Amino acid sequence: MSKADIIVGIQWGDEGKGKVVDKLCENYDFVCRSAGGHNAGHTIWVNGVRYALHLMPSGVLHPRCINIIGNGVVVSPEVLIAEMAQFENLKGRLYISDRAHLNLKHHSLIDIAKEKLKGKNAIGTTGKGIGPSYADKINRTGHRVGELLEPQRLCEALMKDFEANKTFFEMLEIEIPSAEELLADLKRFNEILTPYITDTTRMLWKALDEDKRVLLEGAQGSMLDIDHGTYPYVTSSSTISAGALTGLGLNPKEAGNIIGIVKAYATRVGNGAFPTEDKGEDGEKIAQIGKEIGVSTGRKRRCGWFDAVAVRYTARLNGLDALSLMKLDVLDGFEKIKICRAYEYKGMEIDYIPSDLENVQPIYEEMDGWDKVFGIKDYDLLPENAKKYIARLEELAGVKVKYISTSPERDDTIIL
């Protein structure tokens, strides 16, 4: 019996998980998404071609991989169908859990309207309706992908939901669709998606029993976890390794190696605490060189220096076996590079994450920069200062680096 390896982001998302999964996919039979929705975005470059994935597992770019969208994901049929249109021959290579919850048009309308009502206190959601979808799930009023197999019954259930919440929709100035319009959409979803809907948990159990190689692909980052992130400026699902298991119906004994994906610096989209944010020239330089624009939202990411306190925290949360250090090349040409080794908090120096992270100040150490690592594939060819930087990050995080990315391209990766 084999075990499922897990890839998790250990900052605030956008760490480069897509490239790592894409690089590793050739060694796996199954690649699985466990949580989130189309608020997540993976960017993968192959032979100069850019692929932006939101719901599809990154294994879709490898013909031999079977791709699974698990029960913990909230699925927008509209977005998924559009994404599927980019690829050929998906039958037999893509499966969607019948237990995954649906993310429909009214969810995004609710999301956008509620953010507007919050004004300056807005969380900074993607507006994709992910929170409202998970809220329906927790309230036990949601609908699941398996219900698409009976579109007429699902339409009737949704219309009853809309009628029961009519006052709420009117308050938010959201127009309720007609039954005819809704049924037409559901029938279209049914026609296209039915061949892909199945019990993916049983499929994965069978795969592990048969010693197939399985990779679980996390979405977003551990600092956005609903329980352990910078609440309330978090996502609506579990983004840590334990959540990857529950989002696919696997138990803790079925976890294999856990790899944490981390940028050589730090970024964040949306509002919330970000201790190492640099609002000056260095932050702007990182943003421009790193092309730090959100894949799902098109929003500019906030940029700053590597936060070793946060990474040490998320490394423990996830039980990491190794790190994959991404976008090291973005720091090419910086004369000095900062690392946050601790925080100042209420007059004390601390090395942990308090629940009120917005009240800390970073304590930095500086290291000398380097000229160029771009495109290097051999560790021995890295500049000495880059090697020293990597070694210091390992020391502060308490986890060894196994992979180093030196460009957006799939093959520009050092494996240690």
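Using N, Cα and C of the backbone, Cβ positions are placed for all residues, glycine too.
Here is what Swiss-Prot says about this protein:
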type	residues	note
BINDING	13-19, 41-43, ARG301, 327-329, 405-407	GTP binding site
ACT_SITE	ASP14	active site, proton acceptor
BINDING	ASP14, GLU15, GLY16, LYS17, ASN39, ALA40, GLY41, HIS42, THR126, ARG140, GLN220, THR235, ARG299	IMP binding site
BINDING	ASP14, GLY41	Mg(2+) binding site
ACT_SITE	HIS42	active site, proton donor
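Look at the binding-site residues GLY13, GLY16 and count other Cβ atoms within 10 Å of each Cβ; GLY16 has the fewest. Distance from the CA of ASN39 (IMP binding site) to the CA of LYS19 (GTP binding site) is 18 Å. Reported as a whole number, the C-alpha separation between GLN220 (IMP binding site) and GLY13 (GTP binding site) equals 4 Å. A coil conformation is recorded for ARG299 (IMP binding site) in the three-state DSSP classification, outside any helix or strand.
In the three-state DSSP scheme, LYS19 (GTP binding site) falls into the helix class. DSSP gives THR406 (GTP binding site) a coil state; it is part of no helix or strand. Classification of THR126 (IMP binding site) by DSSP places it in coil, neither helical nor stranded. GLY41 (IMP binding site) falls outside any helix or strand according to DSSP and counts as coil.
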